[in-house]
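To keep things clear, I will list the structure first and then write my remarks on it.
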Amino acid sequence: MATLIRSKLSNVATSVSNKSQAKVSGMFARMGFQAATDEEALGFAHCDDLDTEHRQGLQMDILKTEVPTGDAPPEGDIHYQRDGTGLPPSASKDEGLCSELSSSEKPQITAWEAGWNVTNAIQGMFVLGLPYAILHGGYLGLFLIIFAAVVCCYTGKILIACLYEENEDGETVRVRDSYVDIANACCAPRFPKLGGRVVNVAQIIELVMTCILYVVVSGNLMYNSFPNLPISQKSWSIMATAVLLPCAFLKNLKAVSKFSLLCTVAHFVINILVIAYCLSRARDWAWDKVKFYIDVKKFPISIGIIVFSYTSQIFLPSLEGNMQSPREFHCMMNWTHIAACILKGLFALVAYLTWADETKEVITDNLPSTIRAVVNLFLVSKALLSYPLPFFAAVEVLEKSLFQEGARAFFPNCYGGDGRLKSWGLTLRCALVVFTLLMAIYVPHFALLMGLTGSLTGAGLCFLLPSLFHLKLMWRQLLWHQVFFDVSIFVIGSICSVSGFVHSLEGLIEAYAYNIED
């Protein structure tokens with residue numbers, strides 16, 4: 001009996017010794033030393049397999065996706081998709097070469113072209129609401145224009161940093177492709193799809209609200225341009241939507257991209273006309289009207305307006321991935337946001353000094369009737385030409401989330417086998433256009449809607465989520481001041497988001513209760 005016990009104890013001790021030697025050998029092997037014996041090498045291989053299973057096994061539920069028959073991609077070419085499915089890119093040299101070749105076939109853009117895209121996003125027509133923000137914020141509103149530029153530039157950079165990780169060789173490689181991938185990585189392994197769904201919902205809300213704002217501003221501008229005509233603002237919005245209804249038939253953005261230059265030209269013409277008129281009245285500028293105190297009830301709305309005018313984080317991952325030199329991304333973000341900060345600050349201040357307490361939600365409504373009609377026609381043209389971009393993006397997110405996820409889709413595919421859109425899918429697109437019209441008719445308040453959207457989704461996508469994801473994914477690599485910045489942005493963003501949302505909602509309820517048209 002004693003011999004049997006000694007034998008078992010000896011076997012257990014030998015097993016434990018072998019495992020410990022294998023772990024030590026594995027650790028040394030990672031540090032560059034070779035294993036001493038074949039047994040230790042075998043133990044290290046086993047430990048490495050266990051380590052791989054430990055790191056990847058928790059995500060097996062999102063890796064088990066069905067690859068459709070037919071054009072099945074090769075194993076080395078499968079990447080993380082928008083919803084977080086698919087295998088992560090391999091670290092092998094052959095597959096890395098394949099990915100480089102495939103990426104080289106894509107049209108690459110320069111840092112200047114990327115900066116132009118960011119500038120178009122953050123220098124859009126929504127800057128027309130910034131003088132209204134100065135009305136309720138005074139000098140603090142000007143400070144917030146600068147502060148929001150700094151924070152949005154920083155959060156854009158850390159959002160891109162979340163796309164990368166260090167491999168075993170210490171090299172930084174891109175392992176994620178989109179905002180949704182980052183969100184899914186943060187919520188894995190317990191809720192591998194929750195983060196992506198939250199980001200998708202926020203994106204859809206922001207894109208649809210942007211479409212609604214375009215319809216609202218079109219109806220508002222046309223009504224104020226021709227006040228003598230017996231046509232109400234709602235009727236102008238209906239006519240604008242009738243022009244926009246063909247957007248439901250869009251298959252891609254090739255037909256829309258040619259109008260982007262016209263949008264930019266129209267925007268510069270509008271800014272030049274407004275600033276030229278303001279400069280012509282420089283002698284009457286009311287410097288004494290710029291307050292150092294704030295309207296506690298209205299100022300949170302101003303925060304939402306300012307934040308919404310800087311939103312660009314949605315498309316930054318795709319933009320950075322298509323740059324010829326991604327290392328220039330940080331420099332591009334710096335000069336685009338510096339330029340935006342200067343131009344927005346000057347535009348808002350000059351416009352407010354001209355009209356002071358009479359500043360309206362859309363600053364062009366303050367212009368004389370003769371100039372206003374010309375400027376507003378340019379604005380309406382820009383709004384109508386800009387509508388297809390967020391509309392198509394919202395449709396794409398909805399289709400991929402609800403109709404094109406294979407076995408996980410909530411509804412059947414809205415495209416037929418020949419790639420054509422089914423009739424009921426077209427009906428849903430038309431319904432989305434009509435929905436933007438109904439919202440514009442029943443909530444025709446440009447600044448309040450802009451503040452509501454900026455406080456809800458703008459602050460979330462630009463402030464809260466990037467800082468939270470940065471802390472979650474890169475906690476071990478962050479320095480103390482980076483942690484401080486992220487936590488501060490998250491706390492301040494949360495306070496501004498909640499207060500702005502509540503006060504914007506109160507403003508909408510008040511405007512609706514008192515039947516305020518503008």
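Yeah, the Cβs are placed from backbone N, Cα and C, and that goes for glycine too.
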Topology question: in Swiss-Prot, are G156 and R476 both on one face of the membrane? no
In Swiss-Prot, one of 26-46, 299-319 is tagged transmembrane segment. Which stretch would that be? 299-319
Among the ranges 126-146, 377-397, 483-503, the one whose Cβ pairs under 8 Å to the transmembrane segment (299-319) are most numerous: 126-146
Looking at 126-146, 198-218, 335-355, 377-397, 432-452, which one has the highest count of Cβ pairs under 8 angstroms to the transmembrane segment (259-279)? 377-397
With DSSP as the reference, give the number of residues of the topological domain 'Cytoplasmic' (476-482) in helix, strand and coil. 5 helix, 0 strand, 2 coil
Pairs of Cβ atoms less than 8 Å apart decide it: which stretch in 126-146, 335-355, 432-452, 455-475 has the most with the transmembrane segment (377-397)? 432-452
Range from 126-146, 335-355, 432-452, 455-475 with most C-beta pairs under 8 A to the transmembrane segment (198-218): 432-452
Report, as numbers and ranges, which residues of the same chain sit near the topological domain 'Lumenal, vesicle' (280-298): CB under 8 Å and 6 or more residues beyond its ends. 134-141, 349, 352-354, 356-357, 503, 506-507
In this predicted model, what is the average pLDDT of the topological domain 'Lumenal, vesicle' (356-376)? 86
